[in-house]
Amino acid sequence: MAFADLLEQVGATGRFQVVHTIMLCIPVMMMASHNLLQNFVAAVPPHFCSAHSNLSALSAVETLRVTVPLDPNGGPEKCRRYDAPQWHLLANNGSAAPEEWGDADAAGLQGCEDGWTYNETERSSSIISEWNLVCSLRPLKSMGQTVYMGGVMVGAGVFGGLADRFGRRVLLIMSHLLMAVCGTCAAFSTSFSLFCLFRFMCGMALSGIVLNSFSLIVEWIPTRVRTVVGTGTGYCYTIGQLILAMVAYFIRDWRLLTLAVSLPFYVFFLYSWWCLESSRWLALKQRTELAVKNLKAVARFNGRKEEGEKIDQEMLQVSMKKEMSGCKSSYTTLDLFRTPTMRRMTLCLATIWFSTSFAYYGLSMDLQKFGVDIYLIQVIFGAADIPAKVIISITMSYFGRRPSQCGCLILAGVTILSNLLVPHGTLP
């Protein structure tokens, strides 16, 4: 009898598995909010140089006219102003046409010595307006997202190794708490450096949640339903994208929005104490007493108390020996490159993952570049996942994984390249 047989004995697809999976999938919805949060908290509002200090008697339109030259597109310059007010532009009772506002090359120009004025009708605040991350500091906007993704990468290595040593449940609880605390601290950051630090920690926490949630899910369900459950988990992330668009639409302040997507993790932290550690992992670590206790708890929850009472430590040890008898005692990353076939597959899949992630995150993490309403484009990005997952599930069933993967990569490449043909400008 292997461990899979013990799982069937206590109920492999019973009420416990349903409740357990739902509890672990709910945080996945909010992970999408943290992944794509930068689209809203770092949205760049329309801005221009603040006026000279002696123009308080003028209207806002007149102040802009005598202070800021026009850019090549006919809008006010974002990073330069006249070194002195151009009073002649108010001739004819202030009715000078835009083309008469002044030539930037004919008048002396300077940087935004008195800061910037932001149009905050769309969003009440963002980290851009909070810390003036515009003009020469504009690259810092991208750095914030880069730091977060760096945390995701570091967290994958740290929490992945620790989970194998200390268990999935403990690391999941810690990751929920880390996300909650660091997300809250990010919302109250007093400087951009502190914001980046806490976002880095949020990225680490996200990796811990993803890795350990998925491990706990698949180690309590049989192999035959893992594909279905994995697809369902993917839909949770899709729903999370739609939730983010809705929450961001109603909460326009970046601090309140960051707080709103972080507070739920305190709830996840509290109820994650009720998640059971994987009995498979416990058995592998020779903690058979607790492993048997968890199996019996699952049996009671699934209404199979009598079957669960038949399981003892000796039966569990025998089942694990049978399962591990044909397996190598341990594996390392080097095993992925040990044979020509494994090397080819590893390099191929690594390239596919890199290119897919590069394209997806490059598009989804800077929605403002599309030039349309960021709330609408976020909904479109999220909603597009739903038919995509349905179609790919069908194609994999009928044509296999390799043709489906190839077709999706070709379609993605053609679609992205076709964007080069779309003319610049806004929708009519």
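Sequential numbering from 1, following the chain as shown.
Note that Cβ sites are derived from N, Cα and C of the backbone, with glycine treated the same way.
According to TrEMBL, the features are:
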type	residues	note
DOMAIN	89-428	domain 'Major facilitator superfamily (MFS) profile'
TRANSMEM	146-163	transmembrane segment
TRANSMEM	170-192	transmembrane segment
TRANSMEM	198-222	transmembrane segment
TRANSMEM	234-251	transmembrane segment
TRANSMEM	257-276	transmembrane segment
TRANSMEM	345-363	transmembrane segment
TRANSMEM	375-399	transmembrane segment
TRANSMEM	406-422	transmembrane segment
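Long-range Cβ contacts of the transmembrane segment (257-276) within its own chain (Cβ-Cβ under 8 Å, at least 6 residues beyond either end) map to 20, 23-24, 26-27, 30, 33-34, 37, 40-41, 169, 172-173, 176-177, 179-180, 182-184, 186-187, 202, 216, 220, 244, 247-248, 251, 294, 297-298. Packing against the transmembrane segment (198-222) from elsewhere in the chain are residues 4, 7-8, 12-13, 16-17, 20-21, 24-25, 27-28, 31, 34-35, 144, 147-156, 158-160, 163, 168-169, 171-172, 174-176, 178-179, 182-183, 185-186, 189, 229-230, 233, 262, 275-281, 298: each is 6 or more residues past its ends and has a CB under 8 Å from a CB in it.
Recorded stretches compared: 170-192, 234-251, 345-363, 375-399; the one with the most Cβ pairs under 8 Å to the transmembrane segment (406-422) is 345-363. The stretches the transmembrane segment (375-399) and the transmembrane segment (170-192) are not in mutual contact, being linked by fewer than three Cβ pairs under 8 Å (pairs 6 or more apart in sequence). Here the transmembrane segment (234-251) has long-range neighbours at 25-26, 28-33, 36-37, 39-40, 257, 260-261, 375, 378-379, 381-383, 385-386, 389, meaning same-chain residues at least 6 beyond its ends whose C-beta is under 8 angstroms from one of its own. On the 0 to 100 pLDDT scale, the domain 'Major facilitator superfamily (MFS) profile' (89-428) averages 85 in this prediction.
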